[in-house]
């Protein structure tokens with residue numbers, strides 16, 4: 001009954017829930033320690049430079065990882081442009097005129113390819129960039145399990161259907177999370193990443209003017225806050241105007257997002273329903289609003305869990321030499 005070290009690692013990962021739905025092997029933080037020891041340092045340096053230049057980029061890079069993982073797993077499919085049989089996920093409703101930060105991932109990949117060619121996947125770069133963006137804005141750090149490989153295809157329909165939308169009901173959002181193996185605690189904690197970043201007028205206009213199809217605004221939206229939003233998000237026009245998801249501390253990773261929800265000042269419908277439509281999520285919102293440390297601890301756990309959604313490992317998929325191809 002000899003048990004190898006690898007077996008012990010796999011058993012441990014399974015016990016932690018880190019090896020579920022993984023195709024071909026398992027992920028672990030030391031994956032590149034020998035094959036590309038400076039990989040994490042390179043990602044951290046490029047992300048730091050990009051966020052110093054434009055603080056909003058931290059939220060954009062964090063969102064790329066989320067948008068990628070919710071479509072057939074964390075496989076860098078979101079980075080692919082349309083070509084041949086591939087229809088890019090960049091053209092989906094959640095991503096069109098919205099997903100950004102591709103040039104930062106491209107720069108990271110280029111530097112890493114010079115350092116250790118054909119070794120580090122784009123999917124792992126996305127996961128590391130999300131962690132580093134969180135840390136740079138004052139959020140928690142965590143060890144990122146590594147070893148993902150890149151998918152050769154994309155799924156436009158998966159991006160349209162699997163990624164939660166701002167106007168989805170609470171139950172629809174929770175169902176989309178559960179389909180990825182994430183629970184209500186993950187939903188509320190990961191939603192807390194909206195403490196940084198922006199959203200366009202088109203993502204919440206219905207709350208201001210026609211929430212339920214009857215020409216009336218959302219009655220769960222604080223009226224003074226709604227008045228502020230009206231100025232740059234009129235009934236028509238201004239579609240691309242940007243608004244902070246958390247107007248209190250828009251570039252600081254903290255728990256003010258949850259305090260905003262308790263004051264009915266969540267920007268997106270998908271944010272506010274966490275407080276208004278479900279008792280369990282409401283209690284989690286209150287808990288995180290009163291205890292920032294608990295929120296940050298859970299955010300780190302949920303990010304690791306999300307990063308383990310059905311990745312390709314072993315001989316599955318590929319290691320792209322750039323964002324597009326081998």
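Backbone N, Cα and C atoms are what each Cβ position is placed from, and that goes for glycine too.
What TrEMBL lists as domain 'Plant heme peroxidase family profile' is 26-326. TrEMBL lists 36-116, 69-74, 201-233 with the feature disulfide bond. According to TrEMBL, the site 'Transition state stabilizer' annotation covers 63. For 68, 71, 73, 75, 77, 89, the entry in TrEMBL reads Ca(2+) 1 binding site. Look at TrEMBL and you will find 164 tagged as substrate binding site. The annotation heme b binding site is assigned in TrEMBL to 194. Taken from TrEMBL, the feature Ca(2+) 2 binding site covers 195, 246, 254.
Feature annotations (TrEMBL) mapped to structure.
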residue: 63; record: site 'Transition state stabilizer'; Cβ contacts under 8 Å, 6 or more apart: 99, 101, 193, 197
residue: 68; record: Ca(2+) 1 binding site; Cβ contacts under 8 Å, 6 or more apart: 74, 75, 76, 77, 78, 79, 123, 126
residue: 89; record: Ca(2+) 1 binding site; Cβ contacts under 8 Å, 6 or more apart: 67, 71, 77, 78, 80, 95, 154, 155, 156, 158, 159
residue: 164; record: substrate binding site; Cβ contacts under 8 Å, 6 or more apart: 70, 172, 173, 176, 177, 270
residue: 194; record: heme b binding site; Cβ contacts under 8 Å, 6 or more apart: 245, 246, 257, 267, 268, 271
residue: 195; record: Ca(2+) 2 binding site; Cβ contacts under 8 Å, 6 or more apart: 245, 246, 249, 252, 253, 254, 255, 256, 257
residue: 233; record: disulfide bond; Cβ contacts under 8 Å, 6 or more apart: 201, 204, 205, 208, 241, 243
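Taking CA atoms as the reference points, residue 73 (Ca(2+) 1 binding site) and residue 36 (disulfide bond) are 24 Å apart.
Each of 192, 194, 196, 248, 249, 250, 252, 253, 255, 256, 257 belongs to the same chain as 195, 246, 254, is absent from that list, and has a C-beta within 8 angstroms of the C-beta centroid marking the Ca(2+) 2 site.
Cβ crowding, taken as the number of other Cβ atoms within 10 Å, peaks at 69 among the disulfide-bonded residues 36, 69. For residue 116 (disulfide bond), the same-chain residues that are 6 or more apart in sequence and have a Cβ closer than 8 Å to its Cβ are 32, 35, 36, 38, 39. The candidate set comprises the recorded positions 71, 74, 201. Of these, 74 has the most other Cβ atoms within 10 Å. Of all Cβ atoms in the shown protein chains, 30 besides its own fall within 10 Å of the Cβ of residue 75 (Ca(2+) 1 binding site). Residue with the densest Cβ environment among the binding-site residues 246, 254: 246, by other Cβ atoms within 10 Å.
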